[in-house]
Amino acid sequence: MSGAALGLEIVFVFFLALFLLHRYGDFKKQHRLVIIATLLAWYLCFLIVFILPLDVSTTIYNRCKLAVNSSPAESNGSYVTLAPSKQNCFKPWSYIPNGIMPIFWRVVYWTSQFLTWILLPFMQSYARSGGFSITGKIKTALIENAIYYGTYLLIFGAFLIYVAVNPKFNLQWNQLQTIGIAAANTWGLFLLVLLLGYGLVEIPRSHWNGAKRGYLLMKTYFKAAKLMTEKADAEENLEDIMEEVRKVSESIKYNHPLRKCVDTILKKCPTEYQERMGRNMDDYEDFDERQNSYPSEKSLVKLHKQVIYSVQRHRRTQVQWQILLEQAFYLEDVAKNETSATRQFVHTFQSQEPENKIIQYFYTPTVEWYWECLLRPWFYRVLAVVLAMFSVIVVWSECTFFSTKPVLSLFAVFIQLAEKTYNYIYIEMACFLTIFFLSICVYSTVFRIRVFNYYYLASHHQTDAYSLLFSGMLFCRLTPPLCLNFLGLTHMDATISHRDAQPTAYTSIMGSMKVLSFIADGFYIYYPMLVVILCIATYFSLGTRCLNLLGFQQFMGDSEMTSDLIDEGKELIRREKRKRQRQEEGENRRREWKERYGNREDSTRNRVVHTEQKESSFSETNTNRPLSKYTRSNGRTERDRIELLQDAEPLDFNADSINDDPLESDSGRYQSGGRYLSMSRSRIFEDV
């Protein structure tokens, strides 16, 4: 089993990152480099979270071996460490051989840092660029990132000059590397505490409110009103952009040098707009013959960028509106079925997607009623209580993890109790649950936050390339300080525990933070206490109230604006529900009509066609008999000429009498056969 656990987790984490990226990204429409870069960033961050518990168990086993090989009792400062026996010091099932973990962590860490500080910012600018060539997009990305990269180079250069001038400092390459790592972790820890303080309160509260059907329904109505406003704004913005594209497309003709750029812009437009613009195009005019002012390539690049953004936003709002409608209909169905006497869940609308037969077999309407109306609210309440207990433990440990005597951090107490008995499975499970909960609090906040329309992670493949790359940047910057914070909470970091013991492989590549004592002994210890203030602010929704005062509409139960938006959303949902009911009723009527009269109409139509074919063949035989001396091609030419002359006379729909209809003269040829004449008249109104 040596290294098997590491290999299994590497494979599992890859498919987990791929699944999440498939949920938020669009593999078919987005660029492959964007997908690969985002997948690599997410994969490396998730990998650190899942592999770190194995590093902890392996480190505890290595400490046990060193203690067995050393003296039975050795003093270490203020306490005495007793060497364990060889019977207790057994190799864990997930043991990773020496030398693998340092190399593994070094590759993972520096790859993630290269992604977050160099590659992903460049790809963000590249993805948002409206250039028409690779060279143009690269040039735009370099210009936009010049200030970004120049700021870091300026700070780093000033620091190097200060170190070179000051004789007190004699820094080597390893110390410079440690300083760079400390600077990156300091920036990440600053953002980590902000996101963690929000997630520790919001995640348990969201699950508790998930058990309140009325609360969820009111919030859905509120979201519907806001989303309808955003949807209308997106449609209006798209119309304005398409109008500009139409003007540019009409002004730049087929032989203009910039016509290729216009064609590239047209390909990014929706299909209906492309067809509309294609019908109005007139490429017979030469652009040199008219003295018009043509747009420049720079303005076309800007227009191309606006088209990409407006089309993505319009498509995202359309999909989100449909998803929100389904959610609202579902919550209304739950509210109706709670008082059902039959204890069977009845849906107002059938699901548009075909359900799995296995799920349909086991998840019957009765099972669905018991789960949705009885069990699910209690499950959410119990889960919310468990998550709230975890949040309290995290807040307490964040405020007391620096205390080593006595040990006040509860996570450190759990790990040390398991370390005494060398229960490696318990150690790994405790470490995994701890770091997994911390990661959920931080990462879920990353998925929830929205910076206007520039950064927004939308599910169902509606996230744009810029937001995907930005999320990869955040993950790579947040994960290393998150892991260091976890090791500090469990006292596995020698800087926190002040123990002269073997460090984990992860902390060994970080170097000794004693080079910057004010960061190691000050910022890393006292700044996480700020999470208490952030949790209190989140509990009383201070951020939501401030945004509401600034004009950003937020869901607040005691606000008049919220009540108005709820009423507006309720009316919108009711209108969409009536619209869908009318559509289903129309489809049902057409289906019933087809089932009842479809076979009869088909048989009548076949009988009429068969009779027409017989009589037409009879008339053609009588007509062509005296003309048998002419060739076949001449006969076809004569028939084509007659049909062309007949079709040349237009129909007069304003005629006062039926005799003015040109069809009357045509049908007069068959008046000798009254049966055929009446049949041809009935065919006129058959499609009405």
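Any Cβ shown, glycine's included, is placed from N, Cα and C.
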Range annotated as coiled coil - as stated in TrEMBL, picked from 56-83, 112-139, 224-251, 476-503:
224-251
Remote residues contacting the transmembrane segment (378-396) - C-beta distance under 8 A, at least 6 residues beyond either end:
196, 200-201, 203-205, 207-208, 210-211, 408-411, 437-438, 441, 489, 531-532, 535
I'd like to know if the transmembrane segment (466-489) touches the transmembrane segment (103-126) in this structure, counting it as a touch only when three or more C-beta pairs sit under 8 Å and are separated by 6 or more positions.
yes
Is it true that the transmembrane segment (523-542) and the transmembrane segment (177-201) have 3 or more Cβ pairs under 8 Å, skipping pairs fewer than 6 apart in sequence?
yes
On the 0 to 100 scale, where does the mean pLDDT of the coiled coil (224-251) fall?
92
Range from 6-21, 146-165, 177-201, 466-489 with the greatest count of C-beta pairs under 8 A to the transmembrane segment (33-52):
466-489
Give me the stretch from 6-21, 146-165, 466-489 with the greatest number of Cβ pairs under 8 Å to the transmembrane segment (177-201).
466-489
